[in-house]
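One structure below.
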Amino acid sequence: MANILKAPRGTMDVLPDKIDKWTYIEYTARETANLFGFKEIRFPTFESIDLFRRGVGETTDVVQKEMFTFTHGNSNFALRPEGTASTVRLVLSNGLYNDPMPLKLFYITSCFRGERPQAGRLREFHQFGVELFGTAEPSADAEIILLAKTMFNNLGIKGLRLEINSIGCPNCRKDYQNALREYFTSKQDGLCDTCKSRLGRNPMRILDCKSPECQKIAEAAPKVTDYICDDCRTHFEAVQNQLKNLNVDFIVNTSIVRGLDYYTRTVFEFIDEKRGLTLCGGGRYDGLVSQLGGPELPALGFAMGLERLIMTMDEQGCSYETEQNKTVYFATIGDAASKKAAELALKLRTEGISAEYDLVGRSMKAQMKYANRKGFAFTVAIGDNELNSNTAELKNMQTGETIPVTLDDKIIEAIDNAIVKETMKELEETIEKDKIFNS
Ligand code: HAM
């Protein structure tokens, strides 16, 4: 019997001591996307299996090997393996293609792929994804890449290599597919069974097969860049020029084809040079909207994996700039003090100051130890003496300094002042540190 106390293989719990990392990244993603004029969307966790078969592609690893599928009644569903197909479905179902173009959307969402779990590869993972509809202009490709780069800058992630390529349009793709078919047919004995079945239908997918034997054969396969048409070549050159204008460093890697079928023209990846891990992947998908039954609507986007961002940020010692929001803890003795603490905590919370008090019935000493471990900025101890005099000491837990406060509405102002004083002190310390660092 499966061990019910173990999270399923390839999934992760996020514990309270790590949640600040997630909220910080999600906050930064929202801020960055908003800066570029993107609006957030949400879509269902599962969709019709056919959406992904047609959207992501029948011969991709994601659809052939990795989707979590289930049947309910007469309908077949899949947990979303990625967000692009769902976004296009959302745009079509809700008629958003009638909105003024370009349409700029983003999402922060969980995705599910039944891959073999390893470091940075999970079965449930999370993506920050961005999709831009309604323009075929090369400047849009550069804008999307710039957005991804800005996100990395805002998170303080360094040492990434941007690799770009053009995989052409359906017109030039035909010649390329033929060249690939010819090449792989001559080597077919060495291919895995899945790739043998791909030979007839979509030989390009053999290029991103994860089997080492297929990868070895793929190394010497014809390169897509030798087959792209003049229009696609001009488009790709314009994208590169615009990236140079924007001071975005990149290299052209003619081996990038991406593992999903919908891509056309520009594709790109941001790779962590140290680990060789892809943090972000994206590109154009000019044919997908019409392929799923919508109008001709060029589009492009990217997605980055949040778990991989956290891994990289941890490794690089990036700061999560988390707000210290555990402010006041009331340590109490006796029922009357506990009641008073509940009243005062409510007043403070109403003013936006976080406040907690003992709910476990611990001793004063144990409560103070708890407040210390949990990182409260201030404590107020209340017992009979304090109740009788209606005054107590507000203790700064870092410095040990105390100031007298009254146990009524006036405590709000006193705590507010103490917070401002503490913030000013931190600010001065940061300025001082920067001065030393820059000198
Ligand atoms: P993707 O390359 O399949 O593209 O995934 C994008 C990112 O999601 C990867 O670069 C990686 O950071 C993260 N990722 C993917 N699979 C896993 C996994 N098993 N475990 C952890 N992280 C993972 C897409 O999904 C496209 N929809 C991107 C896109 C948007 N293209 C255009 N618009």
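Cβ atoms here come from the backbone N, Cα and C positions, even for glycine.
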Same-site L-histidine binder from R113, R116, R275, given that TrEMBL records E82, G83, T84, Q127, E131, R258, Y262, Y263:
R113
Which ones in the same chain are close to R258 (L-histidine binding site), with CB under 8 Å and 6+ residues apart in sequence?
I167, D208, V267, E269, G281, G283
Based on the record's binding annotation for L-histidine (E82, G83, T84, R113, Q127, E131, R258, Y262, Y263), what whole-number value in Å is the widest Cα to Cα distance?
21
Just to confirm: which same-chain residues, 6+ apart in sequence, have a Cβ under 8 Å from the Cβ of Q127 (L-histidine binding site)?
E82, G83, Y107, I108, T109, C111, A303, M304, G305, L306
May I ask you to report the DSSP-based helix, strand or coil state of T84 (L-histidine binding site)?
helix
Based on DSSP, name the secondary structure state of Y263 (L-histidine binding site): helix, strand or coil.
coil
Just to be sure I understand the packing, how many Cβ atoms besides its own are within 10 Å of the Cβ of E82 (L-histidine binding site)?
21
Predicted model, mean pLDDT over the domain 'Aminoacyl-transfer RNA synthetases class-II family profile' (1-313):
95
